[in-house]
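Supplied in structure tokens, the structure appears directly below.
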Amino acid sequence: MIPRVIRLWLPSALFLSQVPGCVPLHGPSTITGAVGESLSVSCQYEEKFKTKDKFWCRGSLKVLCKDIVKTSSSEEVRNGRVTIRDHPDNLTFTVTYESLTLEDADTYMCAVDISLFDGSLGFDKYFKIELSVVPSEDPVTGSSLESGRDILESPTSSVGHTHPSVTTDDTIPAPCPQPRSLRSSLYFWVLVSLKLFLFLSMLGAVLWVNRPQRCSGGSSSRPCYENQ
């Protein structure tokens, strides 16, 4: 059976271990690297953890954080593309990622391994770090874009030199409305002519109907009027 004092103290210790101000590890909360490049992060610890093992794990929960690389001395330790080195002189240890990939983006923790009989009930110390990875610019693609930009700029400059000729070319479409205005004028005059012809025809018909009639039996020069 656990003594009452321990039962009261244990939850308090667990609570204090979760308070940010009580965590004896410090470092950047977020780091960002580019694909294909290397990225280093340093975590600082307290003097009392100078001789303890340090490790780097992947995961957002302490109990499920998967160890990636661990060191027990100042010698560099490598696991694939990840290295860790302890610097006891300045109380820091550095984790370096080489040739970053987009799959490396995740939540990580820098941690100090605490033994069960070390006065801290064996609770390891953790500090959470978010790693973001962004795509990198391909130098070849960049040079290709520069070449393409130069190629595009060359015709632009030549067009600028030949601007007067381009201006004259732009004035060539100006006469295009002339046939349209000519057709409009032609339609107008045809319409006027038709109306004039119709008017003259009607006038001629009226004059023809109202012309003076001449008697057939009399003088040809004397008109013949009805109802004399």
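Keep in mind that glycine also has a Cβ here, set from the backbone N, Cα and C atoms.
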Of the cysteines C22, C65, C110, C176, which is paired with C43 in the disulfide recorded by Swiss-Prot?
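Among C22, C65, C110, C176, the record in Swiss-Prot lists C110 as the disulfide partner of C43.
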Per DSSP, how many helix, strand and coil residues does the domain 'Ig-like V-type' (25-126) have?
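Computed counts for the domain 'Ig-like V-type' (25-126) are 9 helix, 49 strand, 44 coil.
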